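So that you can see what the record holds, here are the features copied from TrEMBL:
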{"type": "TRANSMEM", "residues": "35-58", "note": "transmembrane segment"}
{"type": "DOMAIN", "residues": "50-288", "note": "domain 'G-protein coupled receptors family 1 profile'"}
{"type": "TRANSMEM", "residues": "70-92", "note": "transmembrane segment"}
{"type": "TRANSMEM", "residues": "112-128", "note": "transmembrane segment"}
{"type": "TRANSMEM", "residues": "149-169", "note": "transmembrane segment"}
{"type": "DISULFID", "residues": "172-179", "note": "disulfide bond"}
{"type": "TRANSMEM", "residues": "189-210", "note": "transmembrane segment"}
{"type": "TRANSMEM", "residues": "230-250", "note": "transmembrane segment"}
{"type": "DISULFID", "residues": "259-264", "note": "disulfide bond"}
{"type": "TRANSMEM", "residues": "270-290", "note": "transmembrane segment"}
{"type": "REGION", "residues": "332-352", "note": "region 'Disordered'"}
């Protein structure tokens, strides 16, 4: 390697940058750190399992091969990978950090940025789909599959580009004065760019859901109150959890951009803010799929099958276990968006 990339394999560069941006280098494993590590890994395990069950449910049942559930599956995939990336990030942090080369450090941080970015872009794709399906009163048919796949592919390509910019050269190697305190090999301008992009996405999601709510209220004023309140509750949960999980991380990154080195001690606790943001990947399946009774039953089928098999083995030829109930189209989310005067809200066999 030469020129710009000549320092990527230097074993001392990461330590040099951390020495410059951090007041102290904590290289010891304390009991509190070990407890935090165990809790984070447990959280990530729950994220992986939960989103894996959603992916299995969407893949195995053709009823969920519509636009909405395809986007939900992409959201689950990005959240699952976010959980895996955060486990790797956690295990390679602390004392291990100072032994990494710059290219290893970029891979560690970049993987987390890519997966979390993909999760955010998936939320935006779902908001766009809801706007098309509800505000525009337009259906996705089988001829739109290519368009949906292109949208999903574009979200991943943008996420890869966004997370890969530092390893491609947009970093502060050789320019310590331009370095971020939270992410000591990233330039502050890159951090500001990421925060700006995520903030724009957040505003776009808010605008889309406000538009959806206004259209539903204006077009279906004669609908009974509970249906309007159900939609309002879903939108409130979606926006509220997204803002609560991500706003602290955005705030700490904006503070990082504004603060000179060593002037804001709270920046040394930024890993707690990012861990909190990861909760969004845990809660997304609850918000977007758990309110659907159909999807909830399909997600629970593998667990019920395991329980049934265990019961059969325990009884050794006793009475057969309970049969799994067939799926039916009903959920609080579906009822919240069902308008009796507008049958075009139907997608396949499921109301969404």
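Positions of Cβ are set from backbone N, Cα and C atoms, glycine also.
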Considering the transmembrane segment (189-210), which listed stretch of 35-58, 70-92, 112-128, 149-169, 270-290 counts the most C-beta pairs under 8 Å:
112-128
Go through the chain and flag residues at least 6 beyond the ends of the transmembrane segment (70-92) whose CB is under 8 A from any CB in it; none is fine as an answer.
37, 40-41, 43-45, 47-48, 51-52, 54-55, 58-59, 64, 100, 104, 108-109, 111-112, 114-116, 118-119, 121-123, 125-126, 129, 148, 152, 155, 159, 275, 278, 280-282, 284-285, 288-289, 295
Averaged over the domain 'G-protein coupled receptors family 1 profile' (50-288), what pLDDT does the predicted model reach?
83
Which one, 112-128, 149-169, 270-290, has the most C-beta pairs under 8 Å toward the transmembrane segment (35-58)?
270-290
Between residue 259 (disulfide bond) and residue 179 (disulfide bond), how many Å separate their Cα atoms?
11
I'm trying to understand the geometry here, so how far is the Cα atom of residue 179 (disulfide bond) from the Cα atom of residue 264 (disulfide bond), in Å to the nearest whole number?
14
Apart from its near flanks, which chain residues at least 6 from the ends of the transmembrane segment (270-290) lie with a Cβ under 8 angstroms of it?
40, 43-44, 46-47, 50-51, 54, 72, 75-76, 78-79, 82-83, 86, 93, 112, 116, 119, 123, 126, 182, 234, 237-238, 241-242, 245-246, 248-249, 251-252, 256, 296, 299
